[in-house]
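Please read the structure below before turning to the comments.
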Amino acid sequence: MNPIVAILLCAASGTALTKFFFHCSRGTFNIPVAAIINERCLQQQEHGPCKGFEPRYSYNKATDECELFYYGGCLGNENRFKSKKQCERTCRRKHSLDLILVGPGRMPIQPIDDPGNFSIIIFRDILQILGELFTLFQILVPKSPICYQPIKQGPCLGFLQRYAYDASKRKCVEFTYGGCGGNQNNFERMRECEFTCLVNMPTS
């Protein structure tokens, strides 16, 4: 089964001295500055028309790596650095996005630490904010496997109010839990269910 993903359309704002705020269509999240990709890093690697053989590094957006190439010595573009360290400092993304809900209570949301669990798709649009260029992008985050588990009352006969994610309805619903057994798709609060199964996005 392919993971269900949610799409956030976000735009950046802030200052270079603070964390940037990404204003998303379903919430506002505070993401480290290093998650932003500088526009120059999105340019294709260019050797240039001249015949020189100068070692340089360029950022490959597909692999998130800085790669050695040989610059001809004239023209080309700005995706060209004298050292790998300079290239990585300018262009490489952090693989951990510490998502923090910005709003009443500033409730923390679990960070995404595994780069295999999400992807950032840049190339949506270029924005100019406070004199610098940023990009409109999408974040794709699979739901937790817990959310695919069926809703189970369990073998006991209690009457506990619980919440679970209903995959057929694509939302969290209330159900009666018997008090034992069942599975992990069982939350004491609606908000806990939504944070886990609605891709860490706040509800209205």
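Cβ atoms are placed via backbone N, Cα and C, with glycine included.
TrEMBL lists 1-18 with the feature signal peptide. Residues or ranges marked as domain 'BPTI/Kunitz inhibitor' by TrEMBL: 41-91, 147-197.
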Which whole number is the mean pLDDT over the domain 'BPTI/Kunitz inhibitor' (147-197)? 89
Secondary structure content of the domain 'BPTI/Kunitz inhibitor' (147-197), with strand meaning DSSP E or B: 10 helix, 15 strand, 26 coil
Going by DSSP assignments with H, G and I as helix and E and B as strand, what are the residue counts for the domain 'BPTI/Kunitz inhibitor' (41-91)? 10 helix, 15 strand, 26 coil
